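Note sheet for the following structure.
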Amino acid sequence: MPANEGRTGFLAVFAREFSHIRQHARYPLAMFVFPLLSFILIWGLFSEPYPRELPVAVVDLDHSKLSRSLIRAVDASPEIRVAFQAADPVEAKNLMLEGAVYAWLHIPKALEKDILEGKGGDVTGFINTQMLLPGSMVSSSLQATVSTLSAGLNIRSRMQGGAMPEKAMDLLDPVRIDRHVLFNPQLNYMYFLSAALCPTFLQIFVLMVTVMALGSEFKNRTAEHWLKTAGGSVWWAITGKLAVYFLCFSLVGLIMLAVIFPGFGVPLRGSCAVLMAGTLILILAYMACALVLVYLFPSLRMALSAASFFSGTAFAFVGITFPVEGMPALGKAWSSLLPLTHYLHLFQEQTLRQAPISLSVPDLLIMLGFVGAGYCLIPFFKRHMTDSRYWGKA
């Protein structure tokens, strides 16, 4: 006889769900193995924190001392390397279309001659910005390299005209920008992209597993027994079931933070307690979202499809790769409906920005709002549990 036979209430539901997880290997896999493997995968993919030696091609039609100096300067840039010296623009264009290079540089004929004669010259860059991040990095690196070489030529020309080095520098750049890059001056991918992907994977697993756990009760026609185990209390039925998953995912969430900070080397300049609390609330928020989806879609297949759309597309709208402020109104609205958006905002404040706790309180309250909204639906689940019309839907 099972240990919980004859007992009812929260603990009976908890024990029933724990036994269910032990009997079905897909739950431990989805709660522990797959999330941890995803963290390891992210670490492996982004173990090099800085993009280096992105390939570019050069078409040198001048074959002069100046053009060779320019090619060496481009190749010396840490972000890019001259992987190909194409014979003509057609070959360089084909290399870009094949994906072999991110950009190609066209050095025209008589470039050195025109510059020596004071006519100036144009070096043309063709950059593939279809892939935004590498394209923008290659563009910036090429611009900086050509500008530096051009400035050197300008200074040398002025010095040959009798100007002192300091005067030549002032004439070249009369207004200077004193830049202070804050929070991530190293442009380290681990600090913003890798650290953001881990919570993204976590919310996917939390939502999908919770939808599966709730929806399978209706699909397998066990909802009535589930309610009886809770002593007829829909609150004990749902909270007892979700408590098991919350404890499991809380452990995974704490492991995630350990991976991000000691593992990825992301600085923790703010409050560790706020970040841990935010992680736990994030898990509760996505469990609440699962309640909403299962209530709206009694069919397990439809609920899982909606969950995959809601969680799978989240990363595109949270403002990591594209600023929320630049999105259209619909994109901004969708971003605000994602608990992950508010968690990552809190995450950045407490890691890189060293923001005071008071600035992170609104994000915590918004995520708690998701929790409250979802759990307000619990009383309405009793009808689903007792009405056979909601059962057996694949």
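Glycine is treated like the rest: Cβ placed from N, Cα and C.
According to TrEMBL, the features are:
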- 30-372: domain 'ABC-2 type transporter transmembrane' (DOMAIN)
- 27-46: transmembrane segment (TRANSMEM)
- 189-214: transmembrane segment (TRANSMEM)
- 234-261: transmembrane segment (TRANSMEM)
- 273-297: transmembrane segment (TRANSMEM)
- 304-324: transmembrane segment (TRANSMEM)
- 364-381: transmembrane segment (TRANSMEM)
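Non-local neighbours of the transmembrane segment (304-324) in the same chain are 132-133, 192-193, 196-197, 200, 203-204, 207-208, 211-212, 215, 286, 289-290, 293, 296-297, 331-332, 334-335, 338, 340-341, 344-345; each lies 6+ residues outside the stretch with a CB under 8 Å from one of its CB atoms.
Contact between the transmembrane segment (364-381) and the transmembrane segment (189-214) is not supported, since fewer than 3 Cβ pairs fall under 8 Å when only residues 6 or more apart in sequence are counted. Here the transmembrane segment (189-214) has long-range neighbours at 17, 27, 30-31, 34-35, 38-39, 42-43, 45-46, 48-51, 238, 241-242, 245, 249, 252-253, 256, 259-260, 264-267, 279, 282-283, 286-287, 289-291, 293-294, 300, 303-304, 307-308, 310-312, 314-315, 318, 320-321, 339-340, 343-344, 347-348, 351-352, meaning same-chain residues at least 6 beyond its ends whose C-beta is under 8 angstroms from one of its own.
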